[in-house]
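As structure tokens, the structure follows; a few thoughts come after it.
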């Protein structure tokens, strides 16, 4: 990939969404009783017939604070708090299973956090049994868990295998000791190596590593060393995320030394290095920040159109109804998004009152759904087929999006996209500015106050 000019970086390095959803979560509104009642009725009507289902379980607890982290979390060393949390997850599961069609099959499960391996092995076993006893899992169900190698034993791994886990995502971020000290996350590479070995011995063969570029004290050479370290373990996938520095939204990030952070053009050089180095090592560049082996399911999903982007990043099996459980979890079913309470005490309180623990919600309009299809096509398929969108939604694409296509002209002039009469295709250079391209079709970005909620696009 050719070097990108500094002028282009400066021009397009603006605040914008990562498009893990459309509309983005900043559009969600606090839900009142009428909203929750409407949602409840919508789910009853939708589940008159079976739909494929994806389940997300948020485990918010962490033993210590990583200063870069933007996740919703509770810092504690008291693992017994997990028992009470599981009580409430089971209550919430019971609420949802009452609504689901009995023949709906679970195609995907994901444990995220926080730190899912904060839970003791016996607590993970309990959660697994609770899921299996309430939902229809099959032999093909994809079951993924996020793992913190610093807080994971062989018993954790065996328990995860016993409850059906077949995918694991290990948080690595960076293997350099100085960078780890700067972000308050000390994780010797031997820990990552050991947990990877345990996973494979337990039969959990699909392994992903998460890396982050743009952290304090990172350089091009240290980040190359990080990639070489993780490549030595032969993962199936890698997620290489751009660090999102938003201290106004994430107070813990104020603890980081901004003067030690790479410049914007240094960050972009790290991304370009990631793309060239990983593709040279037989990984395929997926979307804007994922890499997978050519024969891996994520790569096949990109080819067959089933790649999706949601709050967990890129994954397979687009089209499933997503039900999220636990504090702050975000669900997406049909034309509804809803988010659970972000405060643990309020999450517990609403469930104690027999209520769904809904905090915010959003009902997508027809226009939202059309734009969602276009934006997700850009993010997942590296382009848009006008005829496909036009046929699905019964619109004249060029007329419907005349203003957006006019805005896209400048990006075409900068060689980020190629337009024909009936397609948009992202160029190799354009993949570095994927968020900017998608932003052309986002009708909500005129709100400058809301824009401050987003990280820079580069």
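Cβ coordinates are placed from backbone N, Cα and C, and glycine is handled just like the others.
The domain 'Radical SAM core' annotation in TrEMBL covers 47-278. Taking the domain 'Radical SAM core' (47-278) as a whole, pLDDT averages 97 in the prediction.
In this view, residue 330 (S-adenosyl-L-methionine 1 binding site) is surrounded by 22 other Cβ atoms within 10 Å of its Cβ, with every protein chain counted. According to TrEMBL, the S-adenosyl-L-methionine 1 binding site annotation covers 56, 113, 146, 330.
In the three-state DSSP assignment, the secondary structure recorded for residue 62 ([4Fe-4S] cluster binding site) is strand. Positions annotated as [4Fe-4S] cluster binding site by TrEMBL: 62, 66, 69.
Annotated S-adenosyl-L-methionine 2 binding site per TrEMBL: 68, 69, 70, 114, 115, 173, 185, 210, 244, in sequence order. With a 10 A radius on its CB, residue 69 ([4Fe-4S] cluster binding site) counts 19 other CB atoms from all the protein chains.
Relative to residue 69 ([4Fe-4S] cluster binding site), the binding-site residues with Cα atoms inside 10 Å are 244, the candidates having been 56, 113, 115, 146, 244, 330.
Between the farthest pair of Cα atoms in the S-adenosyl-L-methionine 2 binding residues (68, 69, 70, 114, 115, 173, 185, 210, 244), the distance is 20 Å.
For residue 244 (S-adenosyl-L-methionine 2 binding site), the nearest of the binding-site residues by C-alpha distance turns out to be 66; the candidates were 56, 62, 66, 146, 330. Residue 330 (S-adenosyl-L-methionine 1 binding site) is 27 Å away from residue 185 (S-adenosyl-L-methionine 2 binding site) when you measure Cα to Cα.
Listed in chain order, the residues near the [4Fe-4S] cluster site other than 62, 66, 69 are 64, 65, 67, 68, 71, 73, 75, 115, 185, 252, each with its Cβ within 8 Å of the site Cβ centroid.
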